[in-house]
Amino acid sequence: MGLLTDPGAGRGKLTMMLEAHHGRLCIVLYLCGVVYFALLAHEHFSAATYFSENALLPGLVESEYDEDHSAKKFLVELKDEGSRYPDSMPYSWLLAKFGQMGLETYTHNFTLEYPLGPGSQYRGKNVYAILRAPRGASTEAVVLSTPYRPPSSAHPTTHPGIALLLSLAKFFRRQKYWAKDLIFLVTEHEQLGTQAWVEAYHQASSGHPGVLKHGDLPARAGAIQAAVNLELRSDRISHIDVKVEGLNGQLPNLDLVNLVHRLCAMESVRHTFKNRDNANYADPWRQWSYSFRTMMSMVFTQATGMTNGNHGLFHRFGIEAVTLEGFERRTAGGPPMFYQMGRVVEGICRSLNNLLERFHQSFFFYLLSATDRYISIGAYMPSLGLMCGALLIRAFSLWLRMSSEESAQASNHESNESKDEDELTKEVDQKEGNINDDKFVDEKIEDTTEISEKEESTISDVKEKLGLHGGPVLVVVGGLVLAAHVLGVMAVNLPVFVTRFAVTTWNIPTVDCVWIGSIVFSVLLVGAATIIARMVAINPDVPILLNIAALLELATLLLAVAMHNFSLALVCGMLCTPIALGIGTFKRWWLRGAVRILWLLVHPLSLLSLAVLLAARTNFPEESLMGLLSRTNLAARQALLLTVVDSLVYGSWAFNVAAGTFLPTWLLLWVAS
Amino acid sequence: MVCFILVPFWILNVGQCLVQKDRFDEELLLKPLPSGHVYAYFQFTTVWDAPSGPQMFQHCHLFPRALGEVAGRHNVQELHVTLTEGLWRYEYWGFPVSDAAPGAELWTWFRNDTKDVDNIWKKLTGALSGLLCASLNFIGTPNSLSPEYSFRPTGVVKNSNLNSSFVRYATLPREIVCTENLTPWKKLLPCDSKKGFASLLNAGHIHNTNYHSLGLHIRPVCKDAKCTEVSIELRQTVSLVYDMMILGFQNQDWSLRKLFGLGLSGPCPLATSSFIYVDVTSNETGTPYQLQPEPTEVITSIRGGYESKFKVYNIQKMSFTHMLNIVATYSTPKVYAVNVPPVLYASRYIVGYGQERGGIVTKIHNNHWKHLDIIYLENIPWFLPIYLHTLRVVAGGKEITPILKKYVPGKERSRPYSLEVLLRIPARSVTEIYIEFDYVFLKWQEYPPDANHGFYIGSAIISAYLPVGKNYMGLPQAGPTIYSSFNASREGFLLQLRTESLIITLPTPDFSMPYNVICLACTVVALAFGPLHNITTKRLCMKDGNSCNGLLIRLKSMLFKGRKPQAQAH
């Protein structure tokens, strides 16, 4: 506040120093941020997980689950029954099984109006059963869900998960200790089914209105406290992978994650995070690098803003949820794991049943570097803060330089007019013997005089041409910022518009339509921006002001995104910050060109392609370069389409953030570069 | 045998008893429900031709004096208390004999001459709270309603001019019912729990149920057909719903011993009648079962066009050589058939997410072939402001205009929101009543312990006059006993449904971190205060840009103050 009100501010020694050395300072800050983040994986910087909510009382009671034989029977029957319906769920079989246990059974219909292209409809049907708690009045509930995958599905089967779910329902039905209703949910069409069900439960649409018609549920069971999603690929599982990353980077309460790991450990089920066991290397360097890779794996998954299991769709509704994915054992033989898995899930449900309050303790924002170590928000936020700090300092010093130049110019004008006075003061200063200060001022005045003498004429010419005088610079900059954001809004709506128009007219597949549309739009934008940049660059104030505005916006954007999805902000920050710092720094043409090319690489579309390339490289290490490129080409198109569809159906804001806020900032910086 | 001196007193006592004629009936109704559960309903009825006047409850015989005094002192005309754990599932269980909302529910009609009803209501709840060991003392004006239409007196009324300012209704949905409530409740019975049906009420067994509800109902009834004088009737009820599966039994056979832990040793000696009724209507449609021992009587009751069959055990006529154990044996294992829901049932839920605004939806299912008129009573606590203009009633996609609306807006911390809607719901339809509300911030002391558990919203009440008697088990208005409900066909049957109570998460502060909040607040204040103080107290003025005013210079100028004017004068 002092800075804003004190007209003498910005002339202090500290600010002078900041202005002089800000380049180095920014680089140091950025590097500190990166190094600090990397260090977080080290065990000195992360903490061991613990139970914050004492009411969970994990494993306090002896597990009693003994329906593993019925799980085996259910699995055989389900395999047989499922093969009769290659494309759909055996509804009647599931309903009959739940019904025979004496549970309330219901079905739920939903419709998807495909938002892109000419419009097609997909229908789906979920099956759910409610076990009414004998000790409650249906005020609270816990959900156990499993996606159903028909034989024609590309994903691995989940039949063993459903068999386990049924056997658990049979076992739970006989117990008298339930205080919360249990909902057994079998969903169709992967995430779509779960999303429709959760939306129908709350009668609220989170995507684009009219896209996912969630329908209504015939029965409910109060406020859902937690959800556990089971995805067992086989009855003979090697390990359970606990998935946490949800839609828009939301995470479940750490207590729930911790609970699952603890109970798995108790029942001697091998449990992993990101498919990685906990390492125990003696060598600290290897230990760190292992933890770092686990952490980065989580960062990259979270940064996509998409959920890696059906659990992620519950988070928006304030429901803590995790997915337990069981991977098939590679080695042949060994007994089925239904007994152990049943006990794990029983333990989870009984712990959740103990809960008196909703999950509110422990952490909602964290990164995991192992199954039992976490990095809290307080520990990881500074790394991004340092990077954004670098951006803000750069913006501030640009502002300082600009205003000092302006005032110098102004003073120069004045000094020319009233030279006598100037000399007079100089003399006074000299008399006072303040040699250093004097020199500094002298040099500065000389500098600015040189510049102003060189450019004075041209600037004034242009200013006259453009009609710019002081105030109008702000108008131009403001206009550009506004225009960029209008373009951003257009970019958000582009896919729906393009597909509606182009798919019918030229009969191009939706995937290509969105991809080509985006590329054409981007190329046009970049071209237009380059021309505008040439036009406005005649007044040197405009690019600098633009640069300041864009840097401020970028820093704010990164911090705001970090509040929701830290990983996304971190990845963007790591890539963008150094290049954004370089914009407007260099005078030499080839350095400026290099910065421009690098800045092109962080365009949202290029970032997407790079990310896909990286993913392809890690998933298919044996592929040749050409093969990788063609894979990337195809996958990037799909990824873009999926991001768009996700934003319309699930209300994921990855696309909206990239197109609506990041793209305008990118454009502004492009103009400024 | 009696000492001579005592005789006059004894005669006096007998005389008193003869004057205050009273009778006590104990009844137990057992009914296997279509969902496989077993419904056990106890009813203990005391009818007392009490002398009117202020001395009324000073000499009691069978009527519990403790309760009588409370009722007499607080000018109570009618009193209905229920303490319930669990929720009655209308859709699967049909209708109960008497409905009750989850938690504690209390409604009272005060006499017409009562002054300062609010005050006396507060005192009454306090007294009842002590009598029943329940938290009824938390009921006061801030959570009580005076519904205009939903609650009419069930007993005799002297003049037909009813003023709803004398009725009070309140619920405590969070109340947990346990042994501590059962014990004082049993003490109100003439035989306590030592003899008669009350000896079946063992805490260990009745709290193992899916639903249990204790009830106390006092009302004035006619003494005779002419109704020139009134008597006082006290009905004590226990509703229990057992799930044989969770009790650890392999089959669905049930017996008194399985349900209550022991058999019946005999009737209460003070009882005028003791009956056990077993509803065997489902034998003809569902899985049939055999009863052991044979009943003393079989009654066929036709009510509102529907026939039901009861096997009756007249306990007073049975000889007790050993404990009586009524056993029901099923010939075939239970098959869960398609559920046939009753004529009218409802469900309620909260819609929306986040902590800004939400909505409450009540879905009312009408399975009758004709339209039904219902009264819907919404009872919303003051911390959940509802908006009347958002009230929407939709049936089958068509909006229904309510016949009548009575809305009493709530006041923060002093009055709940009360909304009564009279509706005509179409035949075979599902009607949705939707209303929006806001989430508000409470003061920090107003959060209950375990603040993150959420806040309860009491049940809504749907009252209807059913034209058919299907599934209906309620008592007729004139008769106090279950026996009187047999063959009691009327024009309509009054039904009051209670919906689920709801739980809602209000924005809750993080109570575990007051320290952080204090630190943060102090820092913010400290940071903001300096500059604000600066801005507001200092005057801004332009300064010569060229003059250097670094710290060093200012120091120098202070040191060499005398030389400065000279320099300027130069």
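Any Cβ shown, glycine's included, is placed from N, Cα and C.
Per TrEMBL, these features apply:
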type	residues	note
TRANSMEM	A:21-41	transmembrane segment
TRANSMEM	A:374-393	transmembrane segment
REGION	A:409-429	region 'Disordered'
TRANSMEM	A:473-494	transmembrane segment
TRANSMEM	A:514-537	transmembrane segment
TRANSMEM	A:544-562	transmembrane segment
TRANSMEM	A:568-586	transmembrane segment
TRANSMEM	A:598-616	transmembrane segment
TRANSMEM	A:650-672	transmembrane segment
When each of A:374-393, A:514-537, A:544-562, A:650-672 is checked against the transmembrane segment (A:473-494) for Cβ pairs under 8 Å, which one has the most?
A:650-672
Are the transmembrane segment (A:374-393) and the transmembrane segment (A:598-616) close, by which I mean at least 3 Cβ pairs under 8 Å that are 6+ residues apart in sequence?
no
Out of A:514-537, A:544-562, A:568-586, A:598-616, A:650-672, which stretch touches the transmembrane segment (A:21-41) the most, going by CB pairs under 8 Å?
A:568-586
Do any residues, 6 or more residues outside the transmembrane segment (A:568-586), come within under 8 Å Cβ-to-Cβ of it, and if so which ones?
23, 26-27, 30, 33-34, 37, 249, 299-300, 302-305, 380, 383-384, 387-388, 390-391, 394, 398, 543-544, 547, 550-551, 554, 558-559, 561-562, 592, 595, 598-599, 601-602, 607, 654, 657, 662, 669, 672-673
Quick check: do the transmembrane segment (A:598-616) and the transmembrane segment (A:650-672) share at least 3 Cβ pairs under 8 Å, counting only pairs 6+ apart in sequence?
yes
Long-range environment of the transmembrane segment (A:514-537) - Cβ separation under 8 angstroms, sequence gap at least 6:
116, 476, 480, 487, 491, 494-495, 498-499, 502, 508, 543, 546, 600, 603, 605, 636-637, 640-641, 644, 667, 670-673
